[in-house]
Amino acid sequence: MSDDIKILLKEARESFKQNEYLEVMKKCKKVLKKDKSNYAALVLLARSMQEVEEFKSQVSLVLQKAVEVQPNNPLAWQGLAAHYEKAPQDHDNWKKLALAYCKLLQLDSDSPKFTHFVNKISEIILRIKNDDVLSEALNTLSTLREVSTKEKISLIDKTLVWVLSEYPNDRINEHQELYENVLASVIKDVELMNRQEYYRKYLKMLYDSNKFTALLAAAQDMHIQFSQDACPLEWLCRIYYENAALSENELEIDITQFYEQLLKLSTNSDVALIAKAAYLKRKDELIDSRDCLKKVVSLNAQSFYAWLMLSQIHYDLYCWEETENASRKALQLIKPCLKDKFQQGIELKLLEAISRSSDKEKLVEARQMCEELLSIEPSIQLRVIHARTNILLDEPDVTAIINNLESQDETKLQAFVLKGLHLKEHKQYQEAINILELALENSEAWLLFGKIYWDTEDYNSSLVAFLNGVQADRNNWECMLYLGRYYREHSNDIERSRKCYHTALQINPNSEEAGIGLSTAYRLLKDTAANIRLLHRVTKQGTGPRWAWLQLGLHYLDEGDAGQAITALQHVIRADPNDNHSWESLADAYLARGAHTSALKSYQRALQLSPGSLYPMIQLANIKLLIGQHKEAKEAFESILQNDERHILALKGLAQACIGLAKENIAKQFLCRARENLQQAADSLVDVIMIRNDLLCNYKLLGDVCYRIVTLPEKYCYLRIKQKAFSLAMMNCDSTEKYVNIKGDEILMLSIGYFSRIISMQNSASLWHDLTCCYLMQLNRATTVNKNDVATKCYEAAKRSIKLCPQSWLHWNILGVICMSVYVKNYALAQHCYVMAIERESNNATAWSNLGTLYLYLGDIYKANEAFSRAQRADPSYVNSWVGQGLIAEKILRKEAMDLFRHSTQLGYHNQAALGYAHWVLTTLLSPAMKKDPLLIYFIENMHAIPAASDVLTWYLEREPYDVYALNTHGLLLERLKLYNTAAKQFAMALKLSEDEERDMISINLARILIQTGKYKEAVGLCKQVKCANFNSQCHLALSLFKAKQYEESYDTYEAALHWLADTSADKANILCAMATIAYMFQGADAVKTLLFQCIQIKPPIVAGFLATAALGILHDDVNLTSLVLNGKKYNKSKLTRVIL
């Protein structure tokens, strides 16, 4: 440097000190003219420009020139740093400032501003996020790390880790190694604030770098220092299960402590559960491992490793459907980076699982996938799977495929098994056994071997095969399933069967057969608690397989809890709405609860799904029978019998339906139809007994049918029955005919025989009651048997029923009825029996009514009335209580009797009600007070009393055709209805059956009808037969003679009645009128006038006499006679005038 330059620089410095910045600039420029690379002049020029506003923009150019002259001189760099610090804050300035700081650090690492520079660099990097600046800064700081002191290295590391942590991850890939090193360094600083977070980043970086050994060590170290942090535990678990998934050597760490600690920190940690599952899998605890993985996928359905391991475990457990599902899910979730490691293995497991399916579509899919993969990368397993799918699809070239496998040593054993499968599919069992004997080295072969023996019903050999299969692989649940079936069906060892089913279900919880088998075993063992625990465990929270809900429903059905059974079975229906058996079970539950309509619909749905299915058809018919649709039930049972005429349940159901129809027809008084129904019921029951004579219920029903026929009137009391039915009832029959016709007492004896036969086999209170009813019927019938003996039998049978079941009111009631019989007459005991019946069933209309009848018979009307009232309150529709009240009213001559009897006839048929009502209708009609009482008029006319009484008497006469009084009464009612021909028949029948004291009255009634029908001669004959003549009979004789045109005889008869039989003035006046009418025909007007004058002179006069007299005057133009009549009786004038006019 020349002296001039030195002088100028010295002067420039002095000027700078004097703040003469423009002077400094001039002198520095002079220096630079002489020496363009003068570093001191450039620096001094830049400093002076910095102080002058208009030159500030040029400072950076000058300093940059200085840096170029002496790049390693910090003075210019310091100036640049100072300049950019004061410059406007933009990205460009920040970038240049950061580079200046880096250069200063490179030039002087011992600078007192070291920390400031480092901090400013990190701040600028994160502000501008410029990759070039980042690279320069990282290179500078990484270089300084190697030569700096420990304190500076710590500062640099903290700065680097902060910068790299905050910088975008996708732009620091080339700095990963540095990042990893600084993280490894800073995590050792126990005083670092973000140390735990940096530990997490460090572990993640080690994982991304595949440095698993270092990761395990770092994670364990972090766990020691941060025991409550889940991160290191998660990494340990993750590395463990990923390593296990690759089937690599087991890591030398005690993973149990780590996943257990992680589960304490996070109960539902999926990585902990997967690690635990991996550990359990390595320990061959596959079921527990699977449970862990199921929990994982329930928490996180997107966990690839969970599905991957599930597919592996299901594969090892022979759960093929589950293997398929898990494999498909794993293939959906697999990441591209993992395909090389896992995809081929997953696909092989998927194909293996599909090839075990019975679904043809899946088998076709498996074959296509095999063919595609074989064309790319053939393997032994693929070839075996391909062969299996072809066997199950029964492809024509399958034999060649098997032979090809058999010809190669590595696939020879698999070929033998496949060949055995092929032969089994074609039912060539012996050939299959022979070929499989060459390959019995694994569980699959033993299973197939056992299935073949099972199909050939060689169960002992199959037992040996399945036991060997389990010994070869204890996880083969199908072998356990068959063992369970064997022990239950062929060894009757239910406990051992239960154990086998339990093991099978543990291995494959989705096996319907295993679940059903275990539940059935519990039910057979009567272990209700265990069964319900099993089913509740499987169906908890409303989920679970269909079989479990089905078994739960069946269990509740067995326990009688129909409501719970319905709830469970509805789950089954929702799972598979097209299963007819499930609909049948649901219908059974509805039926058990009494929901007949719902049960009906469910059985109908089951029948729709399986047309022609017998069980729902039978149940539909039974429900119709149960709800009283007897006609529809009868048709349904007959429809079943068209396909199977020997079906026992249908024959029995048909009989019950016919009995029900008979009850309906009896209530409607269709007695002929009722007998036909009972005949059909008897025919059906005899057919059942001929098929199965050990079913006592059919004898009971047949006894009921016979008893009901005997309750019908005599004209309907007959039965056509097979001769064999007599011997079954312990009755002798001399007839050689196939069918015999029996009547009345014979039918009753047949009923007694059937009930006696059943009682000899089954001592039942209800059967003794039925036998008692038969004896009581025999006692009340006009039979030739010894009534005292029958009464004794009846009494003893009733006592026997009470002894067997003293809680039943029915038995006490019938004993009371027996005690009231004329052959027993133990009224005190009868009263006691009725009281006992009422104590057992207080709301008992029958017993109260019978007690009332007893009191009425004994004459205690007050107690009888009270008892009948209690019966009416208990059951207002019970007809006997109303009849009893009617009898009481009749006894005390109350007019309410007719209304009570009328109401009784409306409730139902009863002999006394029919007779009482008819009697009171006639009594009312003949009562003079009737025409004055509006209520009686209403009863007779508005309530149609006459036809109603006639109808009930018709029903009565069906039952009592020889009741003379009823026949006569019926005739009188029919006469009122102007049904003369029918009335004549009733009177004729009554006359035929009548005794002497009744004949005269009935003859006169019949004669009156004959007169109405124009049969005058017969009427005359009947009237002449009257032995004890009276005014009524004599008048009827005279009228019949008059109608027969025997006028003189008629006149003489009237005359005799006038003189000898007429007691009242009205009778005499009427007879005189009648005689005047006859006299007019053959004696002339004068005789008529004499008779009529006698008539109108009688006090009190009758209107007919005046009318006849006035009419005679008119006919003979006798004005005086007519005037006499009209003027003679003022009070009758207007009335007579109206009549005459």
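Cβ atoms are placed via backbone N, Cα and C, with glycine included.
The annotation repeat 'TPR' is assigned in TrEMBL to 443-476 (among others). Sequence-distant contacts of the repeat 'TPR' (443-476) (same chain, six or more residues past either end, CB-CB distance under 8 Å): 286, 316-318, 416-417, 420-421, 424, 427, 429, 432-433, 436-437, 482-483, 486, 490, 507.
The repeat 'TPR' annotation in TrEMBL covers 546-579 (among others). Long-range contacts of the repeat 'TPR' (546-579) within the same chain: residues 512-513, 515-516, 519-520, 523, 528, 531-532, 535-536, 538-539, 585-586, 588-590, 592-594, 609, each at least 6 residues beyond the stretch ends and with a Cβ under 8 Å from a Cβ of the stretch.
Residues of the same chain lying 6 or more positions beyond the ends of the repeat 'TPR' (580-613) and with a Cβ under 8 Å from any Cβ of it are 550, 553-554, 556-557, 560, 562-563, 565-566, 569-570, 572-573, 619-620, 623-624, 626-627. The annotation repeat 'TPR' is assigned in TrEMBL to 580-613 (among others).
Residues or ranges marked as repeat 'TPR' in TrEMBL: 845-878 (among others). Sequence-remote contacts of a segment are chain residues at least 6 beyond its ends whose Cβ falls under 8 Å from one of its Cβ atoms, and for the repeat 'TPR' (845-878) they are 809, 812-813, 816-817, 820, 827, 830-831, 834-835, 837-838, 884-885, 887-888, 891-892, 907-908.
Averaged over the repeat 'TPR' (546-579), the predicted model reaches a pLDDT of 90. Using DSSP to sort the residues of the repeat 'TPR' (845-878) gives these counts of helix, strand and coil: 28 helix, 0 strand, 6 coil. When DSSP labels each residue, the repeat 'TPR' (443-476) comes out as 27 helix, 0 strand, 7 coil, counted as helix, strand and coil in that order.
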